[in-house]
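Taken from TrEMBL, the feature transmembrane segment applies to 40-58, 92-111, 117-142, 202-226, 232-250.
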């Protein structure tokens, strides 16, 4: 009676999102020192090396004819540059925005490889990103506008009697960005990967059921391939949405609207 729940728990679609310890070293240094490498840390390092490697492969400084990698990176850079210029009007924020976009994009795409780990499915990473961005944006607003920054929480033309209530509402809305930005990324990626895990498990059992069942399963398998393509598109879209919302938050504190 207890065996089936245990099996279903072990084969849970959510198991792929667990952060597990891969290597651990306990050393009696400074009293006690524990050094561990988790799958989250491993894939974070892998994503970093992939980003550096892609940009090195796209380096076109010594070539007369640009390579496909170089053209793709230049097109991507031009798109992000255009978005920053239209949203903010200042290119000083381009390296920051470009780095965020590329990290989330590569992390999402890497997570689509079977048996890999998706960094953005960790709530600590997603919320950590959004909290860090909110704190940085707040510091930016205070450095530009000083105490006038707090006028952002008082809409123009507000009656004096409603100021306390509207300030509370605006402050709550402002702080909610720290959660909404990260949760949006986390929820969309987790939902897609969970669906793919459920469907792949179902299709595997259908293909293993016999020749006739395997032939019939080719129809839902084609739909599964379409969903895989959709998940790749979602990986790109979520990186773009996260980036453009970050630009929007920076724009709000720069121009206070």
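Note that Cβ sites are derived from N, Cα and C of the backbone, with glycine treated the same way.
Note that this is a predicted model, so its numbers are computed, not measured.
Only residues 6 or more beyond the boundaries of the transmembrane segment (117-142), in the same chain, are considered here, and those with a CB under 8 A from a CB of the stretch are 16-17, 19, 39-40, 42-44, 47, 100, 104, 107-108, 110-111, 149, 152, 175, 177-183, 185-186, 189-190, 193, 238, 242, 246, 249-250, 252-254, 256. Residues of the same chain lying 6 or more positions beyond the ends of the transmembrane segment (92-111) and with a Cβ under 8 Å from any Cβ of it are 43, 46-47, 50-51, 54, 76-77, 80-81, 83-84, 117-121, 129, 133, 185, 189, 193, 232, 234-236, 238-240, 242-243, 246-247, 250.
Here the transmembrane segment (40-58) has long-range neighbours at 19, 22, 67, 69-70, 72-74, 102-103, 106-107, 110-111, 116-119, 122, 125, meaning same-chain residues at least 6 beyond its ends whose C-beta is under 8 angstroms from one of its own.
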